[in-house]
Amino acid sequence: MAGQPSHMPHGGSPNNLCHTPGPAHPPDPQRHPNALSFRCSLADFQIEKKIGRGQFSEVYKATCLLDRKTVALKKVQIFEMMDAKARQDCVKEIGLLKQLNHPNIIKYLDSFIEDNELNIVLELADAGDLSQMIKYFKKQKRLIPERTVWKYFVQLCSAVEHMHSRRVMHRDIKPANVFITATGIVKLGDLGLGRFFSSETTAAHSLVGTPYYMSPERIHENGYNFKSDIWSLGCLLYEMAALQSPFYGDKMNLFSLCQKIEQCDYPPLPGEHYSEKLRELVSMCIYPDPNQRPDIGYVHQVARQMHVWTSST
């Protein structure tokens, strides 16, 4: 969804978006495990235009007819093809995502199932993303100043720390999912739900796009954990400095990419342009053993210190 408007604040309540009165006795969620919301339906939205397309979903700019708020409406197209447990877990996870409330995270406002299709309502505002900024600097043949790197990275760390403190992993941190407003505010979006899709459903899509941010534990199918988000943060910090992924290579196949990732084989960042602290943090995050990577509290602390230091020099 690079180059598309992001799902970001455009007014509206941080609580459920649709405020139509519920029944006198709301349905018991235990008896309806797939029921996310009983208050919204597609009839409550006027869809204006498509603003993005993901691997498994489409995103539309829409207006909620109940309060006239402009939102992003994400329709998960393959929800009906997911197995029953994946559906239930996905619904549960979205419930957790709706509880996140942080200035650097795109807010999940509401969600509902209609015609066997999952619909997610998100905050929206027009903005660019980090991948666009990286492409711009690359085209200009200029490096991103270190103070700018820390200005955005510290906000991203704040968002991830909020998620991790609530035991929620992002699972898909990459430049295209880091949106930047016109006033320089970072908004982390597209919180990863892809793991809920069944292997049969996703098999044909698993190699769509080169997974440059894939961690060694994912290559070995050892499962995703909080330290996998740290690996992705390290890759993103590196890419902001080098203007390309640490494991990028021309004409590289998936096997050679996996080899480079397992060996942490990437070109060093230029010492004459970036501080030792930045280069050190990258190497700590892009580390093969997840248990040896720092936690988000440490990464955020370093980012705060460096943001203050580079802003004052």
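Quick reminder: no glycine exception, Cβ is built from N, Cα and C everywhere.
For Ile51, Gly52, Arg53, Gly54, Gln55, Phe56, Ser57, Glu58, Val59, Lys74, the entry in Swiss-Prot reads ATP binding site. Under the heading phosphoserine, Swiss-Prot lists Ser37, Ser206, citing similarity to another entry as support. For Thr202, Thr210, the entry in Swiss-Prot reads phosphothreonine, with the evidence type similarity to another entry. Look at Swiss-Prot and you will find Tyr108 tagged as site 'Autoinhibitory', backed by similarity to another entry.
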Applying a 10 Å Cβ distance cut-off over all chains shown, what neighbour count does Gln55 (ATP binding site) have?
13
Spatially, and counting Cα to Cα, which of the binding-site residues is closest to Tyr108 (site 'Autoinhibitory')? Options: Ile51, Arg53, Gln55, Ser57, Val59.
Val59
Most Cβ neighbours within 10 Å, among the binding-site residues Ile51, Val59, goes to Val59
Roughly how wide, in whole Å, is the group Ile51, Gly52, Arg53, Gly54, Gln55, Phe56, Ser57, Glu58, Val59, Lys74 that binds ATP, by largest Cα to Cα distance?
15
Could you tell me which of these recorded positions, Arg53, Ser57, Tyr108, has the fewest other Cβ atoms within 10 Å of its Cβ?
Arg53
By the DSSP assignment reduced to helix, strand and coil, which category contains Gln55 (ATP binding site)?
coil
